[in-house]
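Notes for the one structure printed next.
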Amino acid sequence: MGRPRRNNNQFTWVIKNFSTLQSEIIYSDEFVIGDCNWRLMAYPNGDRIRNYLSLYLDVADSKYLPCGWRRHIKLHMSVENQVFEELSHRKVKNKWLDRKTSAAGFLTMIPHSKLFDEQGFVVNGEVIVVVKIDVFEVIGKVNIIEVPDARSSEEESDTESEEASSPVKKTKLNDNGNNSNDLHNRTKQVKGSMDINGFQVLPSQAETVKRIFEKHPDMALEFRAKNHHLRTACMNVLLSLIETLCQSPQELSEEDLVEADNALAYVKDAGFKVDWLEKKLEEVKEKKEEEQNGEIQIQELELELRDFKQKCSDTESQLEKKKAKVLAARASLTLDDFV
(Lines of atoms letter the chains of each structure in order from A and count residues from 1; the text may use other names and numbers.)
(Lines give C-alpha, C1' and ligand atoms only; values in the text may rest on other atoms or scores of the structure.)
Protein backbone atom coordinates (compact mmCIF):
# COMPACT_ATOMS: atom_id res chain seq x y z
CA MET A 1 0.00 0.00 0.00
CA GLY A 2 1.72 3.17 -1.16
CA ARG A 3 5.27 3.71 -2.39
CA PRO A 4 8.07 2.87 0.08
CA ARG A 5 11.48 4.56 0.04
CA ARG A 6 14.48 3.68 2.23
CA ASN A 7 17.59 5.67 3.11
CA ASN A 8 20.13 4.20 5.61
CA ASN A 9 18.20 3.78 8.88
CA GLN A 10 15.21 5.73 7.59
CA PHE A 11 12.17 4.46 5.72
CA THR A 12 9.47 6.51 3.99
CA TRP A 13 5.98 5.14 3.39
CA VAL A 14 3.67 7.03 1.03
CA ILE A 15 0.09 5.92 1.67
CA LYS A 16 -2.03 6.67 -1.40
CA ASN A 17 -5.80 7.30 -1.43
CA PHE A 18 -5.76 7.64 2.34
CA SER A 19 -9.08 9.47 2.60
CA THR A 20 -10.96 6.65 0.87
CA LEU A 21 -9.27 3.64 2.52
CA GLN A 22 -11.77 1.06 3.74
CA SER A 23 -9.32 -1.39 5.34
CA GLU A 24 -9.11 -1.55 9.14
CA ILE A 25 -5.36 -2.17 8.95
CA ILE A 26 -2.79 -1.71 6.17
CA TYR A 27 0.86 -2.76 5.85
CA SER A 28 3.91 -1.30 4.14
CA ASP A 29 6.35 -3.40 2.15
CA GLU A 30 9.01 -5.11 4.24
CA PHE A 31 12.37 -3.35 4.59
CA VAL A 32 15.74 -3.97 6.27
CA ILE A 33 17.39 -1.62 8.79
CA GLY A 34 20.14 -2.71 11.19
CA ASP A 35 20.20 -6.21 9.65
CA CYS A 36 16.60 -6.72 10.81
CA ASN A 37 13.42 -7.13 8.75
CA TRP A 38 10.66 -4.62 9.50
CA ARG A 39 7.29 -3.47 8.22
CA LEU A 40 4.92 -0.67 9.19
CA MET A 41 1.30 -1.15 10.21
CA ALA A 42 -1.34 1.57 10.10
CA TYR A 43 -4.91 1.73 11.38
CA PRO A 44 -6.39 4.62 9.33
CA ASN A 45 -9.41 4.95 11.63
CA GLY A 46 -7.67 4.09 14.88
CA ASP A 47 -6.75 0.98 16.83
CA ARG A 48 -9.23 0.65 19.74
CA ILE A 49 -9.60 4.45 19.90
CA ARG A 50 -11.51 5.92 16.98
CA ASN A 51 -10.77 9.11 15.05
CA TYR A 52 -7.00 8.66 15.26
CA LEU A 53 -4.33 7.34 12.94
CA SER A 54 -2.54 4.53 14.81
CA LEU A 55 0.97 3.60 13.60
CA TYR A 56 3.23 0.70 14.57
CA LEU A 57 6.61 -0.77 13.61
CA ASP A 58 6.53 -4.59 13.43
CA VAL A 59 9.29 -7.23 13.31
CA ALA A 60 8.33 -8.73 9.96
CA ASP A 61 10.00 -12.12 10.40
CA SER A 62 9.27 -12.61 14.12
CA LYS A 63 7.72 -16.08 13.68
CA TYR A 64 10.92 -17.35 12.04
CA LEU A 65 13.35 -16.01 14.66
CA PRO A 66 14.98 -18.33 17.24
CA CYS A 67 13.71 -18.64 20.78
CA GLY A 68 14.97 -15.80 22.96
CA TRP A 69 15.36 -13.23 20.19
CA ARG A 70 15.30 -9.57 21.20
CA ARG A 71 15.72 -6.17 19.56
CA HIS A 72 16.61 -2.95 21.39
CA ILE A 73 15.61 0.08 19.31
CA LYS A 74 14.83 3.75 19.43
CA LEU A 75 11.90 4.51 17.15
CA HIS A 76 11.40 7.93 15.56
CA MET A 77 8.05 8.17 13.78
CA SER A 78 6.67 11.13 11.85
CA VAL A 79 3.56 12.00 9.86
CA GLU A 80 4.96 14.55 7.44
CA ASN A 81 3.42 17.95 6.76
CA GLN A 82 3.97 18.20 3.01
CA VAL A 83 3.52 21.98 2.94
CA PHE A 84 5.29 23.10 6.12
CA GLU A 85 7.92 20.53 7.13
CA GLU A 86 8.44 22.12 10.54
CA LEU A 87 4.80 21.31 11.38
CA SER A 88 5.29 17.57 10.85
CA HIS A 89 3.85 15.47 13.69
CA ARG A 90 6.69 13.49 15.37
CA LYS A 91 6.98 10.99 18.23
CA VAL A 92 9.88 9.00 19.70
CA LYS A 93 9.98 5.77 21.72
CA ASN A 94 12.72 3.57 23.21
CA LYS A 95 11.70 -0.08 23.11
CA TRP A 96 12.80 -3.68 23.65
CA LEU A 97 11.03 -6.04 21.23
CA ASP A 98 10.73 -9.79 21.72
CA ARG A 99 8.43 -12.74 20.99
CA LYS A 100 5.73 -11.41 23.35
CA THR A 101 5.89 -7.85 22.05
CA SER A 102 7.03 -7.80 18.44
CA ALA A 103 5.65 -4.35 17.56
CA ALA A 104 6.13 -0.81 18.85
CA GLY A 105 4.39 2.40 17.97
CA PHE A 106 1.67 4.85 18.88
CA LEU A 107 -2.01 4.16 19.50
CA THR A 108 -2.84 7.86 19.09
CA MET A 109 -0.20 8.91 16.55
CA ILE A 110 -2.23 11.84 15.24
CA PRO A 111 -5.92 12.77 15.66
CA HIS A 112 -8.13 12.96 12.58
CA SER A 113 -9.02 16.53 13.51
CA LYS A 114 -5.40 17.53 12.90
CA LEU A 115 -4.74 15.11 10.05
CA PHE A 116 -7.66 16.21 7.89
CA ASP A 117 -8.40 19.76 9.06
CA GLU A 118 -4.88 21.23 9.08
CA GLN A 119 -3.19 22.03 5.79
CA GLY A 120 -0.40 19.79 4.55
CA PHE A 121 -0.94 16.35 6.08
CA VAL A 122 -3.16 14.92 3.34
CA VAL A 123 -2.12 16.17 -0.10
CA ASN A 124 -3.67 14.71 -3.26
CA GLY A 125 -5.02 11.90 -1.12
CA GLU A 126 -1.53 10.92 0.10
CA VAL A 127 -0.20 10.66 3.66
CA ILE A 128 3.58 10.36 4.12
CA VAL A 129 4.98 8.44 7.10
CA VAL A 130 8.72 8.58 7.85
CA VAL A 131 10.28 6.18 10.34
CA LYS A 132 13.86 6.22 11.61
CA ILE A 133 15.14 3.21 13.57
CA ASP A 134 18.24 3.27 15.77
CA VAL A 135 19.06 -0.40 16.41
CA PHE A 136 21.16 -0.71 19.59
CA GLU A 137 21.23 -4.47 20.08
CA VAL A 138 20.20 -7.57 18.12
CA ILE A 139 19.91 -10.95 19.84
CA GLY A 140 18.98 -13.92 17.64
CA LYS A 141 18.49 -13.59 13.90
CA VAL A 142 17.73 -15.65 10.82
CA ASN A 143 20.88 -16.51 8.89
CA ILE A 144 20.56 -15.26 5.32
CA ILE A 145 23.10 -16.29 2.70
CA GLU A 146 23.55 -13.54 0.14
CA VAL A 147 25.37 -13.80 -3.18
CA PRO A 148 27.64 -10.73 -3.38
CA ASP A 149 27.31 -8.46 -6.39
CA ALA A 150 30.33 -7.62 -8.54
CA ARG A 151 31.52 -4.23 -7.34
CA SER A 152 34.64 -2.16 -7.26
CA SER A 153 37.23 -2.41 -4.49
CA GLU A 154 36.40 1.20 -3.59
CA GLU A 155 32.77 0.25 -2.88
CA GLU A 156 33.91 -2.73 -0.81
CA SER A 157 36.23 -0.47 1.16
CA ASP A 158 33.39 1.98 1.82
CA THR A 159 31.14 -0.83 3.04
CA GLU A 160 33.82 -2.18 5.36
CA SER A 161 34.37 1.31 6.74
CA GLU A 162 30.63 1.75 7.40
CA GLU A 163 30.43 -1.62 9.15
CA ALA A 164 33.44 -0.80 11.29
CA SER A 165 31.91 2.49 12.42
CA SER A 166 28.38 1.14 12.97
CA PRO A 167 27.10 1.68 16.55
CA VAL A 168 24.92 -1.44 16.40
CA LYS A 169 25.92 -4.23 18.74
CA LYS A 170 25.15 -7.54 16.99
CA THR A 171 25.01 -10.66 19.13
CA LYS A 172 25.04 -14.00 17.33
CA LEU A 173 23.77 -16.96 19.34
CA ASN A 174 25.00 -20.53 18.87
CA ASP A 175 22.78 -23.62 19.14
CA ASN A 176 22.91 -23.49 22.94
CA GLY A 177 21.75 -19.87 23.03
CA ASN A 178 25.21 -18.66 24.12
CA ASN A 179 27.21 -15.89 22.53
CA SER A 180 29.59 -17.44 19.98
CA ASN A 181 31.82 -14.34 20.05
CA ASP A 182 32.13 -14.01 23.84
CA LEU A 183 35.87 -13.29 23.87
CA HIS A 184 35.63 -10.66 21.16
CA ASN A 185 32.62 -8.97 22.78
CA ARG A 186 34.23 -9.07 26.23
CA THR A 187 37.38 -7.39 24.93
CA LYS A 188 35.32 -4.83 23.03
CA GLN A 189 33.19 -4.10 26.09
CA VAL A 190 36.17 -3.53 28.39
CA LYS A 191 37.71 -1.08 25.94
CA GLY A 192 34.49 0.84 25.29
CA SER A 193 32.95 0.93 28.77
CA MET A 194 33.43 2.69 32.10
CA ASP A 195 33.21 1.35 35.65
CA ILE A 196 30.66 3.13 37.83
CA ASN A 197 30.22 1.59 41.29
CA GLY A 198 31.18 -1.84 39.95
CA PHE A 199 28.96 -1.68 36.86
CA GLN A 200 30.36 -1.54 33.33
CA VAL A 201 28.42 1.13 31.43
CA LEU A 202 28.83 2.96 28.14
CA PRO A 203 30.33 6.47 28.25
CA SER A 204 26.96 7.86 27.15
CA GLN A 205 25.34 6.20 30.20
CA ALA A 206 28.00 7.16 32.75
CA GLU A 207 26.58 10.53 33.81
CA THR A 208 23.09 9.10 34.30
CA VAL A 209 24.38 6.15 36.37
CA LYS A 210 26.50 8.51 38.51
CA ARG A 211 23.44 10.66 39.23
CA ILE A 212 21.40 7.59 40.17
CA PHE A 213 24.00 6.39 42.68
CA GLU A 214 24.44 9.91 44.09
CA LYS A 215 20.73 10.16 44.79
CA HIS A 216 20.25 6.51 45.80
CA PRO A 217 23.60 5.34 47.24
CA ASP A 218 22.11 2.18 48.77
CA MET A 219 20.51 1.02 45.52
CA ALA A 220 22.95 -1.84 44.81
CA LEU A 221 23.97 -2.85 48.35
CA GLU A 222 22.01 -6.12 48.06
CA PHE A 223 22.74 -6.73 44.37
CA ARG A 224 23.68 -10.40 44.04
CA ALA A 225 25.17 -10.94 40.57
CA LYS A 226 28.98 -10.95 40.41
CA ASN A 227 29.42 -11.65 36.69
CA HIS A 228 30.01 -8.29 34.99
CA HIS A 229 27.91 -9.29 31.95
CA LEU A 230 24.90 -9.95 34.18
CA ARG A 231 25.54 -6.73 36.12
CA THR A 232 25.67 -4.77 32.87
CA ALA A 233 22.48 -6.43 31.58
CA CYS A 234 20.60 -5.53 34.79
CA MET A 235 21.83 -1.95 34.67
CA ASN A 236 20.72 -1.65 31.03
CA VAL A 237 17.24 -2.87 31.99
CA LEU A 238 17.13 -0.28 34.77
CA LEU A 239 18.21 2.54 32.44
CA SER A 240 15.72 1.46 29.75
CA LEU A 241 12.96 1.45 32.37
CA ILE A 242 13.83 5.00 33.47
CA GLU A 243 13.94 6.16 29.84
CA THR A 244 10.53 4.59 29.25
CA LEU A 245 9.02 6.38 32.25
CA CYS A 246 10.43 9.70 30.99
CA GLN A 247 8.13 9.55 27.98
CA SER A 248 4.87 11.47 28.02
CA PRO A 249 1.68 9.56 28.96
CA GLN A 250 0.45 10.06 25.40
CA GLU A 251 3.49 8.20 24.01
CA LEU A 252 3.20 5.30 26.45
CA SER A 253 0.96 2.38 25.52
CA GLU A 254 -0.63 -0.16 27.84
CA GLU A 255 1.94 -2.67 26.57
CA ASP A 256 4.74 -0.28 27.59
CA LEU A 257 3.41 -0.16 31.14
CA VAL A 258 3.13 -3.95 31.31
CA GLU A 259 6.74 -4.17 30.15
CA ALA A 260 7.71 -1.57 32.74
CA ASP A 261 6.13 -3.72 35.47
CA ASN A 262 8.10 -6.74 34.24
CA ALA A 263 11.34 -4.75 34.09
CA LEU A 264 10.79 -3.44 37.62
CA ALA A 265 10.19 -6.98 38.91
CA TYR A 266 13.37 -8.12 37.14
CA VAL A 267 15.67 -5.49 38.66
CA LYS A 268 14.10 -5.95 42.12
CA ASP A 269 14.64 -9.71 41.90
CA ALA A 270 18.28 -9.07 40.93
CA GLY A 271 18.76 -7.15 44.19
CA PHE A 272 18.36 -3.50 43.22
CA LYS A 273 16.59 -1.41 45.85
CA VAL A 274 14.24 0.62 43.67
CA ASP A 275 11.28 1.61 45.85
CA TRP A 276 11.77 5.16 44.51
CA LEU A 277 11.37 3.89 40.96
CA GLU A 278 8.30 1.87 41.91
CA LYS A 279 6.65 5.07 43.16
CA LYS A 280 7.48 6.83 39.90
CA LEU A 281 5.96 3.96 37.92
CA GLU A 282 2.73 4.24 39.91
CA GLU A 283 2.68 8.00 39.25
CA VAL A 284 3.10 7.39 35.52
CA LYS A 285 0.28 4.83 35.57
CA GLU A 286 -2.00 7.34 37.28
CA LYS A 287 -1.11 10.00 34.72
CA LYS A 288 -1.74 7.55 31.89
CA GLU A 289 -5.16 6.70 33.32
CA GLU A 290 -5.97 10.40 33.67
CA GLU A 291 -4.80 10.99 30.08
CA GLN A 292 -6.95 8.15 28.71
CA ASN A 293 -10.02 9.20 30.68
CA GLY A 294 -9.44 12.80 29.66
CA GLU A 295 -9.14 11.76 26.01
CA ILE A 296 -12.49 9.97 26.17
CA GLN A 297 -14.11 12.96 27.87
CA ILE A 298 -12.64 15.29 25.24
CA GLN A 299 -14.13 13.18 22.46
CA GLU A 300 -17.51 13.19 24.21
CA LEU A 301 -17.38 16.97 24.72
CA GLU A 302 -16.35 17.52 21.10
CA LEU A 303 -19.39 15.53 19.97
CA GLU A 304 -21.63 17.52 22.33
CA LEU A 305 -20.10 20.77 21.10
CA ARG A 306 -20.62 19.78 17.48
CA ASP A 307 -24.29 18.99 18.16
CA PHE A 308 -24.65 22.21 20.12
CA LYS A 309 -23.10 24.26 17.28
CA GLN A 310 -25.45 22.62 14.81
CA LYS A 311 -28.39 23.42 17.07
CA CYS A 312 -27.17 27.02 17.40
CA SER A 313 -26.86 27.26 13.64
CA ASP A 314 -30.40 25.96 13.16
CA THR A 315 -31.72 28.33 15.83
CA GLU A 316 -29.87 31.26 14.22
CA SER A 317 -31.43 30.41 10.87
CA GLN A 318 -34.92 30.34 12.42
CA LEU A 319 -34.18 33.65 14.14
CA GLU A 320 -33.24 35.33 10.85
CA LYS A 321 -36.45 34.07 9.24
CA LYS A 322 -38.54 35.41 12.13
CA LYS A 323 -36.78 38.77 11.92
CA ALA A 324 -37.53 38.95 8.20
CA LYS A 325 -41.23 38.25 8.85
CA VAL A 326 -41.41 40.88 11.63
CA LEU A 327 -39.78 43.50 9.39
CA ALA A 328 -42.27 42.66 6.64
CA ALA A 329 -45.16 42.98 9.10
CA ARG A 330 -43.92 46.39 10.27
CA ALA A 331 -43.81 47.85 6.80
CA SER A 332 -46.34 50.69 6.29
CA LEU A 333 -48.77 50.68 3.42
CA THR A 334 -48.10 53.25 0.68
CA LEU A 335 -50.41 55.11 -1.68
CA ASP A 336 -49.47 52.62 -4.35
CA ASP A 337 -51.16 49.91 -2.30
CA PHE A 338 -54.49 51.77 -2.66
CA VAL A 339 -54.40 53.43 -6.09
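Just so you know, the numbers here start at 1 and follow the chain as drawn.
Just so it is clear, glycine is given a Cβ too, placed from its N, Cα and C backbone atoms.
Where the annotation comes from TrEMBL, it is an automatic prediction and has not been curated.
As given in TrEMBL:
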COILED    274-325  coiled coil
DOMAIN    8-133  domain 'MATH'
REGION    149-186  region 'Disordered'
PLDDT averaged over every residue in the coiled coil (274-325): 89
For the domain 'MATH' (8-133), residues assigned helix / strand / coil by DSSP: 15 helix, 65 strand, 46 coil
